[in-house]
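What TrEMBL records for this protein:
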TRANSMEM  55-74  transmembrane segment
TRANSMEM  95-118  transmembrane segment
TRANSMEM  130-151  transmembrane segment
TRANSMEM  163-184  transmembrane segment
TRANSMEM  190-213  transmembrane segment
Amino acid sequence: ALFQSFTVTSVQFPIMMASSTLASSFAPNLSGQLISRLISFAINMYLLRRINGDLLGVVNVSLTLFYTTTIFLVREPFRKTFLSNDVPLARVVNYLWLSPLICPLVALSLYSLIWIPLSTVPPPELVDSYEWALFTFGFAAWLEAVAEPFVIISLRLAMDAQYAVAQGLLVVTQRITVVVFLFFTPMPHIAIFCYAQVFASLFYLVICVLFVFRRTRLRSYHIVGISSFRATLPNLRERFSKKV
């Protein structure tokens, strides 16, 4: 009986720990995404009354699709590779910093091969320079590609709550910036959306850097191979490890 009790307890304990970890990871992501989407929805309802619906269609469909497609193609291979294995972070830092180098190539390929030749160019009275608008959204995607090494490091350090906060702030900052520019600047509406996206992505980059910077100052995390914030930056002397 004692052996059976010990066996049941030893089996239940890892299950309870796994359930607790899953709940602690799921809760902040759900709450952060929910709050940010609710705020975004409320602001979008307001913008529908203030901005031309055709322009909102260009921003929400063509420009945002270009931006999200670029980000997806850049970050997903890195996340699937470096979040699904137990290779020490110190060995993969240089690989993580390939993402901001690959991003311009992906954006340029999408721009020249798909968006310009295949998408419908909006009229000049709606978007005075479609190419410039695509460039700004592509630049915003590049800023988030620069943040991606810090995102992967934070997720490897179990900073799911901080990542959820950063994602929520990205969405909310973009919407709030649009409203602020709309009220206090005479800029064309398309320029407002472009600058707001760049500002939100830059803010997201700063937040991700600050989260990792604060965590690397804790000695308890030195065991994962990140002994200082400098260790999260590319190191040309180390080159690329063949053991990854």
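Cβ from N, Cα, C; glycine included.
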Recorded stretch, among 55-74, 95-118, 163-184, 190-213, maximising Cβ pairs under 8 Å relative to the transmembrane segment (130-151): 190-213
Tertiary contacts of the transmembrane segment (190-213) (same chain, 6+ residues out, Cβ under 8 Å): 55, 58-59, 63, 67, 126-128, 132-133, 136-137, 139-141, 143-144, 146-147, 150-151, 153-154, 157, 159, 162-163, 165-167, 169-171, 173-175, 177-178, 181-182, 229, 232
Intrachain neighbours beyond the transmembrane segment (55-74), with Cβ under 8 angstroms and 6 or more residues off its ends: 47-48, 99, 102-103, 106-107, 110-111, 115, 119-120, 122, 126-127, 133-134, 137-138, 140-141, 144-145, 148, 189-190, 193-194, 197
